[in-house]
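As annotated by TrEMBL, region 'Disordered' applies to A:1-27. Taken from TrEMBL, the feature compositional bias 'Basic and acidic residues' applies to A:9-18. The feature transmembrane segment is assigned by TrEMBL to A:45-67, A:102-122, A:134-156, A:181-206, A:227-249, A:288-309, A:337-362, A:399-421, A:433-455, A:461-478, A:513-534, A:564-586. The annotation domain 'ABC transmembrane type-1' is assigned in TrEMBL to A:98-306, A:395-585.
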């Protein structure tokens, strides 16, 4: 890597950046981007250039801060690798930590991918009963804040007193087989929590897939399994790769599950090490950065692997000029079994944890269900929530920042994914990689980087909601990129070419052809970002200002107060609210011609 | 990598370096103004300071910015009580102590103090003081504070008392612990919970044992056994949640006020044995208050500091906390055997204790198997 310039040229003017972003592109010879940028002041030139610059800027700020802190030696004069020996050397048990992290992340991503893909297939492509349940199953685990979801599972799956063991397995089988404090328990909880990410991405992919390919295979004598294996799966590869990568890296950088379930039995991962380092004083930012860079290397390997796997993406373009309507597969005799499976999944991922939350929200303090606790139930916690002076402000702020970030990120990434996938602009891979880096920056480091920059900027950003918006846009950039590129990969360039030939300008093509066809993926990404931004805490907690609280801050406050029961009530309210909000979004989407399930 | 790609990467890093490197000393006019007010108040006779501060606070607009790690259920009534007394609106930034420290330092380094007053834990207050972020207070309110509660640039406002805590349904009187050493007993195998960030407790108990005749080897053995008995949890209030739910039987250490507040809700938890008197040395960690240099509302900051050490102490008692001064009606230390909190050892090389505690806990994986 290029380490030297970080320190050697600190006094240089910020000029080089604009060079970096547009320079190589202009020099890039023939290519669509070059064609576009030859008229840099045209609308499209500004749009594309602006999006690239903004995305680059958002990603570079925290990354630069991280690299600066990690490689600067203790005396502040040169480059050093001491931070890495502090982080990984000595008695740090880094091999175990690495293995735990990879095992946990791979397991969770695999579980979530299988669950999400199967569910998406059943939802989009079959005539399964209970389709309405998918909507809740795809959202609720996303909405419930990680601390609550993990805590619910502790109450369910504790080896000695968990409800599953004490009320189900112990009376029926005489054993307590469920132990949530194990790597398997962690994978289970994280996998269920992540499955909606895969589900949202895969639903969009299935919808955009031309079923005539499958039909031709079936006509040619392939049985159902062969069609699935040889036609359907390969066509979905880009989306599956995106989903797997996203969930793998997200598991690597998540802390709630490893913090609540893993620490109990000394199962340490990267993020628990980062947590330890960041909470000590004086804070060893170098060591924290060294861990984050370890994560970054793993993630970069994942990005490279995924683009290598996607290398022949021409083969996966299923959205072509030809009209199609996916026709549902008739399940026939399997229908009741699939229906039962859907109900079971719904019970496990939605009903069980939410029931624990509802149950807890009616108590004064949490205790396992008994006659005594059942007789003492009260709505007092809900009263507390509604009487919280900040509840309304926080809700309003969360909505503003969440909708703002979701919209901004999806617009930016739709454009940037076009640059990355459709042009031959040099540096596009680097841009792709750069846009992925925020995913591994620890939230606190992101918070520090942003406050560092914006405290020194004369613009009124620090201390306002804008800084939260910047922070959320940065954090969710990688997710937006994955959703947008998955949608873009499926689309054949011939559509743009025909639009171009028919005399449409770039902007017209983008707005009238690309965006509508990508809308399934874009809406999925938008919903995802909106929902998760409601629970973002790690950078929010450093950046919010009094009077500018958001809901996640209130949740954290209740958690710190030790009011798990009030928190549960707040969680239940949030689930209701976001489910309502997202169904409105889907309705609106449908009205504006978004592809939906009507074809089924 | 092609040259073009490297140019690209290089340029990105340059920008990063420039944006991060351009910090440095920024002193502003606001700084000087605030420091002027602090100096003016400090120079007055003690009996005139409060009246003058009230007068100046009015000119400052009647608002105060407080950064604190007090939980919301404490910070809110405290802010309201102060508002009631002086008619000054308090805007509260709440974060955990690390966040309060980071935010205050970041703002100070940029020369844009957002806080007028900071109220947080011992360690973070010491760090703020070491970094020269705090202003000196010399009001008459200090007279009531014990000398052990007075520090360079800040003063203890409340105490967090270290004691074990247990669920009375699961730990019967015969099994109650009577010393820190007891936590190492085999009967607690699998019953104990340790908190990941309690290195200050670890340091105090270690020092106490060494000072009371134990050899380093004996101390190491005790810790090894304690960790062997224990699981690890994160967050004192989270731990208490699991204790009240009967999920875990005993906590090696929690702050007594957290246990008391849970017990007040009706949860079957306590930190006192059935006799009502605990012989376990209770280390009381000072948490404190300070005024910030370059504050927007320096005189208001002075007023809050003064109030928290006088009338505010009664509010703390009502909320079940342990005040740093003697307040009639304070029962929070009843039944406890106080032991001095090792300020010096922790201030000297705290980072070291964090690392040791961290390594000790990670040993849990191998000891437990």
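Going from the start of the chain as shown, residues are counted 1 onward.
Placed from the backbone N, Cα and C atoms, the Cβ positions cover glycine too.
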Whether the transmembrane segment (A:45-67) meets the transmembrane segment (A:513-534): three or more C-beta pairs under 8 angstroms:
no
What stretch of A:102-122, A:227-249, A:288-309, A:337-362 shows the most Cβ pairs under 8 Å to the transmembrane segment (A:433-455)?
A:288-309
Going through A:102-122, A:399-421, A:513-534 one by one, which has the most CB pairs that fall under 8 Å from the transmembrane segment (A:134-156)?
A:513-534
For the transmembrane segment (A:288-309) against the transmembrane segment (A:337-362), do we get 3 or more Cβ-Cβ pairs below 8 Å once near-sequence pairs (under 6 apart) are dropped?
no
